[in-house]
Amino acid sequence: MKVLRSKEYVVHLKEDLKARVLQLKQRGVYPNVVVLLVGEDAASKAYAKMKGKIADQLGISYQLEEMPATVTTEEMIAKIHALNADENVHGVMVEMPLPKSLNEEEIIQSLDPQKDMDGIHPMNMGYLLKGQGHTLPNTPLAAMALLELGKVDLEGKIALVVGRSNIVGKPLAQLLLGKNATVMMCHSRTPHLEEWTRQADVLCVACGQSRLIKADMVKEGAVVIDIGMNYDDETGKLTGDVDFEKVAEKASLITPVPGGVGPVTTVMIFKQLLDRLEAKEKA
Ligand code: NDP
C-alpha cells in the first residue's frame, strides 16, 4: 500500500503558479479575483479565508466581498453583472452553500462563464459533458491530478464514484470516462453499496459520510481516492469518507484526509484562472 500525500505536489504546483503570475504581470496582466460570501456560515468563511491566503502566496489579487444573509437574489445578480463587466476582474467565485432564501440556480447562471472559477455555470458543465472542458469543477480536477501523480492508468479499469453531486460526483465520473475508464456511479439510493464498491479498481468517494467505506467494501489492490471532508462535531477533527487505516491495508494506493485531495483543490482554482488568462493572451 502506498499513501498518496499531496503536500509536495502542492508545493511544486504553487511554485509553478507563482512564476506564471510573475510572467503575466510582466506582460501587464494583474490577475484579480472576487469572492462573494453571503451570511455567516463558519465553514464558508474559513474556506474563503484559506483561498485568500493561497491567492496572496501566489501574488494574485483577491477581494472578499461579504454580504448579509438578507441580500436578495436580484441584488446578488446585479453585483455579479457588475463584476462580469469589469475587465479588471478575471474571476468570480460565489461561496456555496447560499442561504435558502436565494435562488442559487439564477445566481450561478448570471456568472460570466469565462469568469466562473468553480466551473459551475451550465455552459461550462455542458463543455465538460462534451469532453471539451473549459473551466472544470476544481475538486474532480484535483482528484484526477492525484490519479495522474500516482501514475494510475485508468484505461479499461472499473472506476466507481460514490456521490453524484453536480460539483463533485458527476463531473468526476465524466473526467474518468474521458480517460477511458469504465465508470459506475453510486448514491444514497443505491442498495447494497458494498456489492458495487468491491468491483472497483479505482474507488472515488465523495458522499460526505464519515468513514462510510470500510475495508470489506474494497477490492484487494484497489486505488482509493477519498474526497470526503467531514468535521467531527465533538473533536473538530477532519475525517474522510473512507475508514483510512483499515482500507489502507487493502488498497494499492490511497489518498489521506487531511493531506490528499483538499489542498490540491484550492490550488486548482488558481491554476485554472492562469490557464484561462494565458489562453486569452494567445487568442
Ligand atoms: P453533496 O451532499 O452535494 O452530495 C453527496 C452525494 O453523496 C449525493 O449524491 C448523495 O446521494 C451521496 N450519498 C450520501 N450518502 C450516501 C451513502 N450513504 N451512500 C452512497 N451515497 C451517498 O456533497 P458534495 O458532493 O458537495 O461533497 C461530497 C463530499 O466531498 C463531502 O464530504 C464534502 O465535504 C467533500 N468535498 C471535498 C472537497 C475537497 O476539496 N476535498 C470539495 C467539495 C466537497 P443522493 O444524490 O442520492 O443524495
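Yeah, the Cβs are placed from backbone N, Cα and C, and that goes for glycine too.
Here TrEMBL flags 6-118 as domain 'Tetrahydrofolate dehydrogenase/cyclohydrolase catalytic'. As annotated by TrEMBL, domain 'Tetrahydrofolate dehydrogenase/cyclohydrolase NAD(P)-binding' applies to 137-278. Residues or ranges marked as NADP(+) binding site in TrEMBL: G163, R164, S165.
Feature map: annotations from TrEMBL on the structure.
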{"residue": "G163", "record": "NADP(+) binding site", "Cβ neighbours (10 Å)": "23"}
{"residue": "R164", "record": "NADP(+) binding site", "Cβ neighbours (10 Å)": "18"}
{"residue": "S165", "record": "NADP(+) binding site", "Cβ neighbours (10 Å)": "15"}
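For the NADP(+) site, the Cβ centre of G163, R164, S165 serves as reference, and the other residues of the chain with Cβ at most 8 Å from it are V161, V162, N166, V168, G169, K170, M185, H187, A206, C207.
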